[in-house]
Amino acid sequence: LWPWLLASSGLSALVQLVTLPFFPDTPSYLLIQKGNEEACRKAIRKLWGEGDHQAEIDDIMKEKGAMASTKTLRVLEVIKERSLRWQLYILMTVMTTLQLCGINAIYFYSFEVFHTAKFEEYLIPYVSLGVGLCECLSSILCSTLIDRFGRKVLLWGGYSLMCSVLALLTMTLSLQHRFFWMHYFSVILIFLFVVFYGIGP
C-alpha cells in the first residue's frame with residue numbers, strides 16, 4: 001500500500017504538467033515583466049470576462065512604477081543594510097526555531113513510541129498516517145485562525161504549547177516502564193505536538 005500511496009503524489013504532478021500549458025499568464029507578469037499591454041488585456045478578458053478592466057490595468061501600472069523605483073538588493077547588501085537588520089534577525093530566528101523545534105525527532109521516533117504502546121504492527125503505519133493527517137488539518141485550521149489572532153500570537157502560542165508537550169513527553173517516556181498507561185499518554189502527546197506545530201510555526 002505504501003508504494004502506491006507515495007506514488008499517488010506523482011498523479012497530481014502529472015495533472016499539473018498536462019494542464020499548465022493551457023493556463024493563461026498572469027496580467028501583471030505580462031505587463032510588468034514583458035511590457036505587453038495587449039497581451040495583458042487579453043489575459044484579463046480571459047480571466048474575468050468582457051468588460052472595462054482599466055482600473056485593474058491602472059493598478060498594475062502603479063505596481064510597475066513602484067517596482068521600478070525600488071532597488072533590488074543582493075544578499076550581501078541585505079545583510080549590510082541597517083534598516084533591514086531587525087527583519088533579518090526575526091527571519092533567522094523563526095527559521096532556526098522551525099528547524100530545531102523537534103518535529104523531525106517526533107516523526108522519527110513516533111514509530112518506536114507506537115510500537116512500545118503495544119499497537120499491532122499492521123496498525124502502526126495507519127497511526128503514523130493519522131499523525132500526518134493531523135498536521136494537514138491543523139495547517140488548514142491555522143489559515144482560518146491567522147486572520148483572527150495574527151501570526152505573532154500563533155507563533156508564541158504554538159512554540160509555548162510545543163515546549164510544554166515536549167517536557168511532558170520526556171516525562172512520559174521516562175516513566176513508561178513504571179506505568180502501563182504512560183505509553184498511551186505519549187501517543188496522545190505526539191498527536192498534540194503535531195497539532196500545535198501545524199497551528200503555530
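Quick reminder: no glycine exception, Cβ is built from N, Cα and C everywhere.
Predicted automatically and left uncurated, TrEMBL annotations should be read as such.
These features come from TrEMBL:
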DOMAIN    1-201  domain 'Major facilitator superfamily (MFS) profile'
SIGNAL    1-17  signal peptide
TRANSMEM  6-24  transmembrane segment
TRANSMEM  88-111  transmembrane segment
TRANSMEM  123-146  transmembrane segment
TRANSMEM  153-175  transmembrane segment
TRANSMEM  181-199  transmembrane segment
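Nonlocal intrachain contacts for the transmembrane segment (153-175), taken as residues 6+ away from its ends with a CB within less than 8 angstroms of a stretch CB, comprise 94, 97, 101-102, 113, 142, 145-146, 182, 185-186, 189-190, 192-193, 196-197, 199-201. Confidence for the domain 'Major facilitator superfamily (MFS) profile' (1-201), expressed as mean pLDDT, is 85.
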